[in-house]
Every structure is written in structure tokens, then in C-alpha cells.
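Below: one structure, written as C-alpha cells.
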Amino acid sequence: MGAVNNAIRDSVLFTTADSVINWSRSSALWPETFGIACCAIEMISAGCARYDLDRFGVVFRPSPRQSDVMIIAGTVTRKFAPVVRRLYDQMPEPRWVIAMGTCAISGGVYNTYAVVQGSETFVPVDVHVPGCPPRPEALMHGFLLLQEKIKRSRALAGTPLDRVIAP
């Protein structure tokens, strides 16, 4: 009986559809190349050879229709917030948002009527990367946190396949 169990364990892969889908989603994140202020410089340097986000499966895309991650990197004004929301709405599902920098998280030092005090007021934010500006290593850590969040989520929730499989 031990030989049969060893043969099954060595040749059969047991997993769920959620874990396979989440693994593939977390291994290929495509953020939109969208920078607003000084945090965008650090975002650009994170994609260069020294830090190389490509090794984590992060490939910057030029269009919101090709990306699944939006990085809000910088100060968002009240006039610009609807534009950011429109870009978010153009992204395909599932989509995630990273708020990069103190200005994107809480408005930063700009406590005026023209600056939005936090990106969560107009888009749902999944990961916060604090700093002014945050280092590329902090953005890399933010991507790792996002990958872990994706792996823990239910990929088939709300789909017709979920209603068939769910007990």
C-alpha cells in the first residue's frame, strides 16, 4: 500500500481552481505607466536594471485596457481625480490599485482645498506604499504584498462557475 501512495503522491497534482488562477494572476502583474508627481521618478527607477521588477512578473503597460494594476504615484488634485477614476474604469477586471507615496495615501503636506486627501476617496486602494517619495525597494515590497493578497483571494467568486462548484 505504501508503494501505491508514493506513486500517487509523486504523479498527481491536487489543487483548486482558485489557487491556479490566483497563482497565474499574481505572477503576471501589468501596471499602467502612470505617474503624477515626484513618486513617478522612483516608480520608473524601480523598472530599471538595478531593481528589475520584471523578475517578479511586473511589466509596465502603456494603456489602461492592457493593465491590471494602477499605481497612483503622487498628488491627486480634485480636478484630476475624475480622470484617474475614468482610467480605473477602463481597466479590465480583476484590477488592483497601489497608492504610492504620502501624497497619494493622505494628501501629504498639501492640505489645501485643491488636493484630494487620499486616493481611497475615488478608487478602492489595495496596497499602500508609504514614503516621500518611497524608495524602489518599498514599491517592490508593495508588489509582493499585492501578490500575497491576490493569492489569498477567491478567483471564482461571483462567476457562474462559482455557483456550480460551491456547496
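A Cβ is built for glycine as well, from the same backbone N, Cα and C atoms used for every other residue.
Feature annotations, reproduced from Swiss-Prot:
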type    : residues             : note
BINDING : C38, C39, C103, C132 : [4Fe-4S] cluster binding site
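Here the features listed in Swiss-Prot are painted onto the structure.
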residue : record                        : Cβ contacts under 8 Å, 6 or more apart
C38     : [4Fe-4S] cluster binding site : G74, G101, P133
C39     : [4Fe-4S] cluster binding site : A73, G74, M100, G101, C103, A104, P133, P134
C132    : [4Fe-4S] cluster binding site : G101, T102, C103, G108
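Here the Cβ of C103 ([4Fe-4S] cluster binding site) has 27 other Cβ atoms within 10 Å, regardless of which shown protein chain they belong to. The residues near the [4Fe-4S] cluster site, meaning same-chain residues not in C38, C39, C103, C132 whose C-beta sits within 8 angstroms of the mean position of the site's C-beta atoms, are A37, A73, G74, T75, M100, G101, T102, A104, G108, G131, P133, P134, in sequence order.
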